[in-house]
Structure formats: structure tokens, C-alpha cells
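For reference, TrEMBL has these:
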{"type": "DNA_BIND", "residues": "A:124-218", "note": "DNA-binding region"}
{"type": "DOMAIN", "residues": "A:2-116", "note": "domain 'Response regulatory'"}
{"type": "DOMAIN", "residues": "A:124-218", "note": "domain 'OmpR/PhoB-type'"}
{"type": "MOD_RES", "residues": "A:D51", "note": "4-aspartylphosphate"}
Amino acid sequence: MRLLLVEDDVELGRRLSERLRAADFAVELATSRSVAEDWPDVDQLGAIILDLGLPDGDGLDLVRHWRGVRVETPIVILTARGSWQDKVEGLNAGADDFVVKPVRFEELLARLNAQFRRQHGSRSPAIAAGDLRLDPLARTVELAGQGLALSRQEFRLLHLFMRRAGQVLSQADIMDDLYELDRERELNTVEVLVGRLRRKIGRGRITTLRGMGYRFER
Amino acid sequence: MMMRPPLPGSLRLRFLLAITLWVVLGVGAIWFSAVGIFRTHVERSYHEELEVHVRELGRLTALAPDGRIVLTRPLSDPRYEEPLSGFYWQVTADGRAPLKSGSMTRGSLDEHIAHSPEILHTLDNGPTGPAITYGFTRTGPRGEDIHFVIATDQRELDRLVNSFTRDLTLWLVGLGALLLATGLAIIGFGLHPLDRLSRAIGRLRQGEAVELEGRYPVEIAPLAADLNAYIRQNSDMIARARVQAGNLAHSLRTPLAIITDEAERLAERPDSAAAGQVLLDQAGAMEQQIEYQLARARSSAGQPASGRTTRLPDVALPILKAMERLHPGKHFRLAVGGCSGTALPVDPVDYAELLSILLDNAGKWASAEVVLAFTCAADGAITATISDDGPGIPAPELARVFDLGVRLDPAVPGSGLGLAIARDLAATLGLRLDLTNRAQGLMAEVRFTP
């Protein structure tokens with residue numbers, strides 16, 4: 001899943017990006033309001049983590065702007081402003097959660113996953129499809145009750161498929177979710193990855209639709 | 001216009017006392033002076049009149065051929081002929097029968113008062129009491145002394161003076177009452193700008209105005225202007241303090257976030273796990289102190305100030321909306337009671353912070369619903385209750401939930417500072433905060449008593 005992290009502090013931005021990538025997210029980093037505001041595909045992102053105190057403007061205005069143009073991507077505000085006045089303003093501007101710095105990474109991850117669950121109407125962090133069960137918090141996958149060893153990219157791909165089960169995902173959709181925009185992309189990477197995943201979870205679970213993409217069967 | 005009774009220590013009472021004293025002294029002085037002048041004037045007129053009468057008596061007196069003393073005609077004043085009228089005359093001479101006025105039906109006048117050709121007068125006893133007596137002598141044809149005496153009762157003079165004094169007293173009492181009423185009207189007129197100022201301050205306290213409104217006389221206009229400047233300065237200072245607190249938070253929390261991240265990384269590595277954990281614990285303690293002290297700084301900035309009031313239930317509406325987003329699946333309900341439009345005389349930012357903490361706390365523990373209810377009593381007490389349908393707090397824990405850093409369930413996100421900050425905020429705002437277990441769930445009660 002691809003996230004947009006809007007953080008002006010270079011060191012904190014670098015560290016959070018590292019952590020999020022280690023947790024199998026693709027992370028885009030914007031260090032100013034103007035860069036974030038012009039981000040090309042905010043509505044395709046899994047979530048936005050937004051600092052409020054940006055050098056060229058207030059992050060709250062960004063929230064209002066995005067909500068004003070019908071961007072429904074979950075927004076988690078991560079800020080040094082800790083008063084309830086700021087929290088109420090942020091949430092009422094359209095943010096989905098409000099986290100005050102410093103935060104333990106596990107808590108930030110849990111709050112992000114809560115947003116993903118809320119987005120998909122599920123109260124449990126785990127996603128299930130038949131006898132396949134994926135827990136994004138524990139980062140485990142079970143097939144018929146047995147643990148399944150997946151690489152980081154395989155896990156991220158399966159997570160994407162299971163979140164959007166029944167939908168057709170093009171190779172570009174998958175690339176967008178798995179990789180940052182500025183990374184080099186080779187389309188056959190997706191084919192290779194899907195092939196490896198099929199071998200581990202069963203061929204019938206992922207259908208190839210020629211010229212369109214892939215569909216994870218419910 | 002009905003005038004309020006002046007309060008002890010008030011300007012109105014001071015003016016009233018001063019005017020009353022002035023009127024009493026002034027009217028009293030007029031009374032004493034007028035009575036004195038009138039008495040002097042009346043006495044002088046009496047004496048002049050008596051002198052005229054005694055001269056007339058001398059002129060009209062003659063000796064008849066048989067030696068009797070007679071009057072050629074009656075005195076011009078008829079009161080000398082009315083019996084016991086208080087106006088008497090008498091003419092005596094050695095060896096002759098005395099001649100008396102018709103009014104003197106009994107007694108006589110002392111002839112020795114007239115013992116000189118010069119007209120003399122004295123206060124003597126007359127037939128009907130003390131009398132002002134005039135007399136002189138003239139030598140008769142036989143060389144004898146003829147005594148002419150004329151007298152008027154002193155009570156006649158007293159009656160005139162008393163009558164004047166009574167009329168004057170009544171008139172002066174009326175004048176005094178009129179002057180006092182005028183004085184009260186002047187006090188009311190003069191102090192009207194201060195009454196307006198008092199009402200403007202009342203509106204300020206009630207939150208119906210943000211500064212003293214209206215134009216005032218030049219004597220108190222600087223006071224109103226200074227007060228408005230002070231209110232603005234105070235508001236600006238509070239705003240600046242809050243901004244500075246926010247800036248301080250920002251400047252401390254971002255480096256602390258980096259330290260926390262580094263500590264987490266260290267804690268994840270076996271060779272530095274212990275050091276990392278120490279750093280994490282200390283970073284956590286620093287974070288707690290920053291949050292707590294900044295909350296205190298923010299609330300201290302909001303110490304009671306003129307014109308800062310919280311409008312109910314408006315203050316709660318954005319908070320409840322935010323809580324619905326923060327705690328999806330939980331319903332936040334508002335019961336306004338009879339408090340719609342009520343102005344609570346506490347800082348709105350701090351009161352909102354207090355409600356937010358309690359509502360967020362209730363939202364974390366509620367099963368399905370949180371109710372915020374306002375109650376306004378006739379005595380001016382305003383109570384906000386926040387009730388949830390969660391598990392409540394075990395009785396032994398209730399006493400320590402306000403302590404710094406206490407978390408009843410570490411699995412529930414939070415710093416353990418919320419209720420400690422809420423307690424301090426309530427104390428700063430002069431509110432009473434109580435937590436009680438209900439049949440199901442917890443109820444926080446925030447009470448304002450005027």
C-alpha cells in the first residue's frame with residue numbers, strides 16, 4: 001500500500017519513511033504544503049500522514065482542500081500541536097485521526113490500520129478470504145490454519161488483493177500501490193510477483209484477465 | 001423614574017448625605033436669620049407705634065374745669081377701648097382721679113415708669129401679663145407731675161412672631177424637601193454615566209459584549225478606554241501565551257519524536273535493547289511532562305478575565321462532531337436541558353479543552369453511547385455531565401485516576417494525563433469535577449457554582 005507522508009522535518013521524515021517501508025508500505029515523502037497540494041494521485045493513496053506545521057502553510061488548509069475536492073483517502077494528522085482545540089479543528093476539517101508527536105511507531109501503525117479497517121467496514125484487523133487469513137498488524141498469513149512464509153513484496157501484494165477482493169487491478173494499479181512514484185518500474189515485476197504468490201496460495205485464487213489485469217476471487 | 005436606595009459606601013450615598021447636610025444647614029440658617037430679623041423688625045415697629053401712641057395720649061389729655069383728667073377725643077387705635085385687649089393706657093396726677101383706657105377693666109399700670117419728661121420704656125407687669133410699657137411725665141398747672149403711661153401685652157408681640165415662625169417653618173420645610181428632591185435628581189443625572197458603565201461591565205461579564213460599549217463623560221472616558229485597552233491587552237497576552245505554548249510544543253516534540261524513534265531502534269537490537277528501553281522510558285517521561293506542563297501553561301493563560309464566557313451549548317457542538325470521527329461506531333448525544341444560550345463565565349478555550357478530555361475519555365470506554373447533558377439551576381449553578389455506557393472504574397481506582405500518568409488499561413491509547421489535566425483545568429476555572437460510577441458506565445460531572 002502506498003502512503004503519502006507530509007513532514008517538513010527532514011530527519012523525522014526520513015526515519016518515519018524507513019519505518020513505514022519496513023512495515024511493507026510504499027512511502028511518498030512531501031516536505032512542504034505546496035508539494036503535497038500538487039501531489040498527482042492523492043485519491044489513489046492508501047492513506048496520508050500529515051504534519052500540520054509546514055513551512056509554507058498550515059496542514060489544516062490542506063485537509064480542507066483535499067476534502068473540498070472530494071479526496072476520500074484517510075488522513076491521519078501527525079503533529080506537535082497537542083491541544084484539544086487543534087484536535088477538534090483537525091478532525092472537523094476532515095481528518096480521520098489525530099496523533100500527537102512523539103508517538104511510538106507501533107501506535108502509529110495501529111492507528112493507520114484502524115483507518116484501513118474503517119475504510120473497508122471491518123472491525124477486526126485481520127482480513128479473510130476462504131481459508132486464507134492475513135493479519136496486517138502481526139504481518140502474518142495463514143492458509144488453512146497453517147502459517148505461510150511470504151516475502152515483503154508478496155505480503156504487500158496479497159494485502160492489496162485481499163483489500164480489494166473481487167475488483168480488477170491493472171498492473172499500473174498494483175505498481176502504484178507497491179512502489180513509490182520515483183522508483184524504476186518494470187511491468188514484468190508484477191507478473192513475476194503474481195506468479196510467485198499463486199504458487200504459495202493456490203492458482204485459482206488470482207484470475208488473469210487478458211488486457212485488463214488481475215482479480216482476487218472472494 | 002424609581003430611584004434605587006443608595007448602597008452603603010456608594011457615591012450615591014455620599015452625595016445624598018452631603019446634599020442633605022447642606023440643605024439642613026442652609027435651611028436652618030435661613031430659619032434662624034429670618035426669625036431673628038422678623039422679631040427685631042416687629043419689636044421696632046411696636047416700639048415706634050407705642051411711642052406714637054403715648055405722644056398722642058399726651059396731646060389728647062386735658063384737664064377739665066373741675067380738675068378731672070379728660071381726653072379731648074379717644075385714641076385713634078380702637079383696641080384701647082376693647083376690654084382686656086392687651087392695649088392699655090393710663091394718666092395719673094397727684095390729687096386727681098386717674099384716667100384709664102376702656103380696655104383696662106381691671107388692674108393698673110405702674111405710674112412710676114413715667115418719671116421723666118423724656119419718653120421711657122420698660123417691660124413691666126400689666127393687667128393681663130408682661131407688657132411693654134412706655135411713659136413720660138408733664139408738669140400740671142399746679143406744678144404736679146402728670147404721668148402718661150401706655151402699655152401693650154408682650155404676648156401680642158410673641159403671637160405675631162410665633163405666627164410668622166410657624167409659617168416660615170412650614171415654608172422652609174417645603175423648600176428643604178424640594179431642594180432634597182432636586183438634589184436626588186441631580187445625583188441621578190450626574191451618576192447616570194456611572195450606571196451605564198456598571199451595566200456595560202455587567203454585559204461584559206455576561207459575555208454579551210467583548211469590551212465596554214458606549215460613550216462616557218470626559219471624566220470617566222479615560223477609565224473606560226483604559227479598561228478596554230486592558231481587556232484587549234489581556235486577550236492578546238492570552239492568545240500570545242497560547243501561541244508560545246504551541247511553538248514550544250512544536251520545538252520540543254519534533255526532536256523528541258526523533259529521539260523516541262532512535263530509542264525504539266536501539267530497543268529492537270539485542271545488543272542495545274536495555275539502553276534503548278531506558279531511552280524510551282525517559283523519552284516517555286519527557287513527553288508526559290511536556291504535555292502536562294504545556295496544558296497547565298495554556299490553562300494558566302486562561303485565568304479568569306473580563307468578558308471571557310462560554311456559550312452553551314455552542315461550545316460542545318464541534319467537539320461532539322470531532323468525537324464522532326475520533327470514535328467511529330460510538331454515538332455522542334447532547335442534552336441541552338434549559339441551558340440553550342446560557343453564558344458560562346469561564347474561558348471558552350479551557351472549558352472546551354476540559355469537555356474534550358472528558359468526552360474523549362468517555363468515548364474510549366463507551367460500548368455504544370456517550371451523553372453530554374447540561375443542567376442550569378435556578379440559583380445559577382450550571383452542570384455538565386458526561387456519561388458513558390462502558391465498564392466504569394473500579395471503586396479503589398476512582399481515587400487515583402486523577403494522578404499523573406495513571407492508565408487503567410495500557411491497551412487503550414492515551415498518555416494517562418487527560419484526567420490530571422482535566423482536574424487542573426477545572427481548578428483553574430473554578431469548577432468542581434467529580435467522577436462517579438453509574439449502574440452502567442462512568443459519569444463525569446463538571447459543576448459551576450456562582
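Numbering starts at 1 and runs along the chain as it is shown here.
A Cβ is built for glycine as well, from the same backbone N, Cα and C atoms used for every other residue.
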- Count of other CB atoms lying within 10 Å of the CB belonging to the residue listed as '4-aspartylphosphate': 27
- Secondary structure composition of the domain 'OmpR/PhoB-type' (A:124-218) [DSSP: H/G/I, E/B, coil]: 38 helix, 23 strand, 34 coil
- Note on the structure: Averaged over the domain 'Response regulatory' (A:2-116), the pLDDT of the predicted model comes to 90
- Query: Can you count helix, strand and coil residues in the domain 'Response regulatory' (A:2-116) using DSSP?
  - Reply: 53 helix, 27 strand, 35 coil
